[in-house]
Amino acid sequence: MLRKTFPPLFAALVFAFPALAQGFETTAGSAVVVDHNTGQILLSKNADVPLPPASMSKLMTLNMVFEALEDGRLTLETVLPVSVEAASYGGSTMFLDSRDRVTVEDLIRGVVVLSGNDATAVLAEALSPDGTEAGFADMMTARARELGMENSVFRNSNGWPAPGHVMSMRDLALLAERLVTEFPQYYPYFAETEFAFDGRSPSNRFNRNPLLSLGIGADGLKTGHTQEAGYGLVGSAVQGDRRVTFVLSGIETEAGRAEESERIVNWAFRQFAEETLFEGGDAPVMEAAVFMGERAMVPLMPADSLTVLLPVTGRQAMSGEIVYDGPVSAPVAAGTQLATLTLTHPGVPPIEVPLVAAVDVPRAGPLRRVQIAGMQVAGDLIGQAMERLE
């Protein structure tokens, strides 16, 4: 295995991760801030601790509903009955009655805008294998595992306090990123600022997300609050070509949640900027030896473009190391991964960049292979002779 180390190549570059959060501290008990384009985590605090998520749980129910819309199990026009159990929920509601029949689209708005516990339960019962909310909660947990959400367990569809009903901030961030990326046709619901089903309780028709009206690019997602969990928010905002998604929990007051959420968004956009380290088709970064090829060396280049998020100020040197098993035996096809470039910075998770052959290297012809073998034998004999002289 061959290694090549080169600190100068990436001077003045730094990779922004929690260790380089530019001195930012959040008042939230738990938090995660993610740059959507690069996937970089800008801030992490107790990110993997399972906590009561309150109504932020409803994002998982909405994910299940959007999946059902995609595969045809539901349509936006599907009309669902309201059960006595669903209508009996207290807390935040859509003010449903057990005699109501409601379209899926109205129920989605009831969940997103009004944080309706009743609306969430109606959707859950419709998708549950046994028609119960408990059965749907088991589906939520199973689906969470499939999506890589390792610290989430659901006991109901809406986050109503229940023993063992937990999510981590990282799981919520992963879920939010999925909703943004996988369901662009439904994501605009999260930016709707008001909704009153059938004209009911018009004074309670406004979206609880405190960022939507601030003009900072916020367009989602979901608030949460219980006495045990405190005030929380899963939020996302777009400014220019960048999107930032964040999750916070454990804020003591509603006003504090609004203030801290705005502070996080402003910090994430103002303190970091994107920089492209590699463009597709960039010049090779090194050459690798080829055994029995028409050429002795093959140039290596990054497989894809690479854009990272860097702090606006205080950039430091990033070092790089290339590792590959060599020499490489011919033939070599262009695009074949032959090495890995690892970019590192103290305290920062490494960035691994696949390096691929920039050109084809056919296997040498018979005469050329004899010449190569002869040169190798001659080299070995000379090496042995030098060792004896020493």
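Cβ coordinates are placed from backbone N, Cα and C, and glycine is handled just like the others.
These come from TrEMBL:
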ACT_SITE  Ser55  active site, acyl-ester intermediate
ACT_SITE  Lys58  active site, proton acceptor
ACT_SITE  Ser115  active site
BINDING   Lys222  substrate binding site
DOMAIN    272-363  domain 'Peptidase S11 D-Ala-D-Ala carboxypeptidase A C-terminal'
SIGNAL    1-21  signal peptide
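Here the Cα atom of the residue listed as 'active site' is found 8 Å from that of Lys58 (active site, proton acceptor). The Cβ of the residue listed as 'substrate binding site' lies under 8 Å from the Cβ of Ser55, Met56, Lys58, Leu59, Val112, Ser115, Phe190, Asn209, Leu233, Val234, each of which sits 6+ residues away along the same chain.
Taken residue by residue with DSSP, the residue listed as 'active site, proton acceptor' is part of a helix. Model confidence over the domain 'Peptidase S11 D-Ala-D-Ala carboxypeptidase A C-terminal' (272-363) stands at 79, taken as the mean pLDDT rounded to a whole number. The DSSP breakdown of the domain 'Peptidase S11 D-Ala-D-Ala carboxypeptidase A C-terminal' (272-363) into helical (H, G, I), extended (E, B) and coil residues amounts to 0 helix, 57 strand, 35 coil. In this structure, the residue listed as 'substrate binding site' is part of a beta strand by DSSP. The number of other CB atoms found within 10 A of the CB of Ser55 (active site, acyl-ester intermediate), across every protein chain shown, is 25.
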